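Record features, source TrEMBL:
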{"type": "TRANSMEM", "residues": "57-75", "note": "transmembrane segment"}
{"type": "TRANSMEM", "residues": "126-147", "note": "transmembrane segment"}
{"type": "TRANSMEM", "residues": "159-179", "note": "transmembrane segment"}
{"type": "TRANSMEM", "residues": "204-223", "note": "transmembrane segment"}
{"type": "TRANSMEM", "residues": "243-262", "note": "transmembrane segment"}
{"type": "TRANSMEM", "residues": "305-324", "note": "transmembrane segment"}
{"type": "TRANSMEM", "residues": "344-363", "note": "transmembrane segment"}
{"type": "TRANSMEM", "residues": "369-392", "note": "transmembrane segment"}
{"type": "TRANSMEM", "residues": "404-425", "note": "transmembrane segment"}
{"type": "TRANSMEM", "residues": "445-467", "note": "transmembrane segment"}
Amino acid sequence: VVKESIGMALVEIHDSPKWKKFLSYVGPGFLVSVAYLDPGNLETDLQAGVDHRYELLWIVLVGLGFSLIIQSRSANLGVATGKHLSEHCKEEYPKPVACCLWILAEVAVIAADIPEVIGTAFALNILFHIPMWSGVLLAGLNTLLLLGLQRYGIRKLEIAIGALVLVVGASFFSVMVQAGPNPKEIAKGIFVPRLSGHGATKDAIALLGALIMPHNLFLHSALVISRKINHSYNGIRTASKYFLIESSIALFIALFINVAVVSVSGCVCSNPIITSETQDHCKEITLSSAAYLLKNSLGNWSSKLYAISLLASGQSSTVTGTYAGQYIMQGFLDLRMKLWLRNLVTRIIAITPSLVTCIIAGSSGAGKLIIFASMILSFELPFALIPLLRFTSSEKKMGHHKNSVIVTMVSWLLGFCSIGINMYFLSTSAMQWVTSTKTPRALSLLAGFVVLLIMLLYVILLTYLTLKVETQTPGPGSPHVVMNTMMNDGAILDGGPTADQQALEIEEGILSA
């Protein structure tokens, strides 16, 4: 069943030696970490460094720490239940609500894909002077070729994506060494919280909002199912532990790369002897102008290295975005399409907005589309985050592996903070757009009313997702299902709760119900 769900053979777990066992779990966290290095994040990092030098580095640390907690919840959901997030959403919510969540999830994949495809097109333009629209088409083709590695097993794809992540890191590290930022200032920026600069609060909110991607929560819960783990009590706990360690390493690398990007732009644009042309690029930095900024300040090689890292970032993140789209389509719609056809459909849907924009408006329109995509992702995040927190806190779904009280409190607190930050960013951006347009007053009032109505519906749906009474059907992780599985596998004595403890907990659960 699991093989049919993920579309490929499971990865065997080696029991010994320990290093080989750990390597069997390595992969999902690195695929997920790519979303924290996508071109949209790189552009936000560049702007943060230009405006505030190293002052907002601690925001990157806090954001990725929060991301680790949320991503580990997603991994635990897949490990404990054997189903990914979209499958749980389909089972838990009424058909109209599940359909709405599916549409929102597909829109999130498309929105996440916009900066990734455009970033790849910018990189191809910088390296080979290929027109933007041609770069978008090549990005889509290259993604399909990389996804073709699935035919040879998930491990081959994980190795390819891991190699691309290392290319991004090595390229930006080389540029950072060439730029020569002050290590003490970087350390101070990471560990000393400050928001003293003009517009620092708003930029910090934008930086946090750009980190967590909605489709990542669907993706991580699906990728961990690719491992053939022992579904005893201890087997699930061991797998969750190894996936947490692996995700920590992957996100630490992502933190290092994000810090390097912020440090490079902060160092270059704060140099007192920069030329007027460089100052112009610093004022409104984009993925495209950053290449000219580095070329003027550090030389042609830095520009080429930046383009290589942008290309690797864009290609790796488009692959994982398309992969997430496959799982979302399969989970919500229960479609059983051939792998190559599912890849093709997901890719065509995702690149269409970027291709149309590049043909009509060129690179300037592509840059504006990235900003619009970030607003959509901020809007979309709660519709993946709230169901995830509900499911992982549920004993009916997770059984003994549900979130502890402390983890539940911290996760929901961080979740609501993230939702509040994104709602603030979304509402202020929308109202700025409404009030700044040079349109008649009546049309502005109408636009304001539409925005208010959308926000009202938004809050109503989020309230429903948060307060909905859980369905009574026990999931794979519920206590008696886990106990039966353990007894059938002969794993009840594998260091987990005893039969008497299990029976007592089941009895208490029945009495509570």
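Every residue number used here counts from 1 along the chain in the order it is shown.
Placement of Cβ uses the backbone N, Cα and C atoms for every residue, glycine included.
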Among the ranges 57-75, 204-223, 305-324, 404-425, the one whose Cβ pairs under 8 Å to the transmembrane segment (159-179) are most numerous: 305-324
Contact yes or no, the transmembrane segment (344-363) and the transmembrane segment (126-147), 3+ Cβ pairs under 8 Å, gap 6+: yes
Long-range neighbours of the transmembrane segment (404-425), counting only residues six or more past its ends (CB under 8 A): 66, 69-70, 73, 205-206, 208-209, 212, 375, 378-379, 381-382, 385-386, 389, 392-393, 458, 462
Segment proximity, the transmembrane segment (369-392) to the transmembrane segment (305-324), 3 or more C-beta pairs under 8 Å: no
Selection from 57-75, 126-147, 369-392, 445-467, the stretch that has most Cβ pairs under 8 A to the transmembrane segment (204-223): 57-75
Cβ-Cβ under 8 Å with the transmembrane segment (369-392): same-chain residues at least 6 beyond its ends: 39-40, 43-44, 70, 73-74, 76-77, 85, 88-89, 92-93, 101, 104-105, 107-108, 111-112, 114-115, 118, 206, 209-210, 212-215, 217-218, 221, 287, 353-354, 357, 398, 402-403, 408, 411-412, 415, 418-419, 422-423, 425-426, 429-430, 458, 461-462, 465-466, 468, 470
